[in-house]
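Features as listed in Swiss-Prot:
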- 135, 136, 137, 138, 139, 140, 141: ATP binding site (BINDING)
């Protein structure tokens with residue numbers, strides 16, 4: 001079981017002898033807890049480290065201690081790597097440059113994420129196929145669409161991964177799932193090396209999370225390389241976005257299982273081996289017998305809600321993934337109609353005086369904000385937060401003609417304000433310097449003064465929320481609450 005004095009985990013799986021294997025769980029979030037729980041069940045020696053020490057972490061830590069783990073919480077707890085460590089399992093977001101991870105890599109200790117661990121720990125008699133989704137934007141929505149279509153087909157399916165539910169937790173369910181719809185972030189893919197998925201999709205590729213890759217000579221290239229890992233050893237279909245050549249190049253370069261196919265999705269008329277749109281219908285020219293000369297109707301565009309160009313792309317990708325799994329055509333439209341997305345995704349939260357207030361707090365980078373802004377004609381834009389190393393010049397240039405005004409707030413408000421000054425100097429801009437949660441109410445007040453009947457006040461920040469809020473949902477709730485108190489244009493008289 002040993003190799004060069006260490007435990008050789010290169011082929012470790014559920015049937016591997018985990019007793020005596022020393023595993024460090026870096027981070028006690030939902031995925032860290034699930035990883036620790038699964039490894040304890042296999043008799044591994046588990047040490048959980050997290051610099052946080054709040055009630056939630058203490059509660060989870062206490063449960064794991066009862067099960068046999070050692071748990072260290074509080075500042076500095078996750079800074080040191082014990083000498084006897086054989087494996088590190090990191091929570092999403094842990095960078096290679098963080099001291100504990102860097103020490104592990106230097107010492108040749110394997111570092112895995114929860115998806116890698118989950119893949120290895122699937123029971124050989126109960127292998128659950130994965131339909132996996134990544135991309136800069138649209139991952140969560142596409143994962144939800146995929147799950148809903150699978151349910152409409154009568155399959156026992158579960159949305160897992162970056163969407164919020166750990167894969168290991170779902171694997172422990174008594175439900176014998178037929179298939180998983182798996183959302184994977186670039187962070188999770190970075191720490192995954194043995195996945196061999198049934199089918200996988202990269203929805204798009206744009207600048208995001210570049211601060212995570214700041215140590216690399218080519219941050220965007222490294223980010224793209226991690227996204228492309230999802231196609232490695234795919235067994236059935238590699239789904240790509242025809243409108244985003246970078247995703248097709250990833251498929252071309254992928255090392256897949258013999259027989260795996262490249263399947264494109266497009267908002268235009270599809271060619272063979274594509275899913276696309278004809279006369280308001282989503283049609284399949286990929287998974288039909290006579291794909292060179294015929295197409296099969298899957299759904300109507302009105303089945304997609306909320307209706308926006310980027311959300312149609314999400315639906316096309318979900319259709320491709322589920323059709324690759326043999327889902328019958330009628331289930332695609334039914335699944336799209338059945339789906340009710342969570343809030344903060346192009347959600348109309350208020351209408352008054354001819355003005356529509358839309359919460360797209362989930363738009364946490366410029367590409368997501370661009371997708372949202374494409375759906376509206378006249379916009380008062382509320383933007384700002386943590387830019388994560390991204391830029392806004394292209395976004396501002398693209399939409400300058402439809403901007404009635406802009407309100408910027410958050411840590412990197414100056415970056416957006418400077419882009420507006422350079423590329424849209426005619427657009428009125430209000431800068432909110434308040435760094436408390438009251439900033440959103442002030443932003444809504446200023447937006448109301450600029451908006452006119454027929455306008456949309458769009459909160460599509462293009463930035464992360466953690467500078468002020470605990471998450472994008474809280475930011476969206478503050479926007480919605482403030483917007484609902486607005487009566488109409490220039491409400492303060």
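Just so it is clear, glycine is given a Cβ too, placed from its N, Cα and C backbone atoms.
Residues within less than 8 Å, Cβ to Cβ, of residue 138 (ATP binding site) and separated from it by at least 6 positions along the same chain comprise 203, 204, 310, 311, 313, 314, 317, 371. Taking the centroid of the Cβ atoms of 135, 136, 137, 138, 139, 140, 141 as the ATP site, the other same-chain residues with Cβ within 8 Å of it are 133, 142, 203, 204, 314, 368. Its own atom aside, the Cβ of residue 139 (ATP binding site) has 25 Cβ atoms within 10 angstroms in the protein chains shown. Counting every protein chain shown, 23 other Cβ atoms lie within 10 Å of the Cβ of residue 136 (ATP binding site). By the criterion of other Cβ atoms within 10 Å of the residue's own Cβ, the least surrounded of the binding-site residues 137, 140, 141 is 140. For residue 135 (ATP binding site), the Cβ neighbour count at a 10 Å cut-off comes to 27, with all displayed protein chains included.
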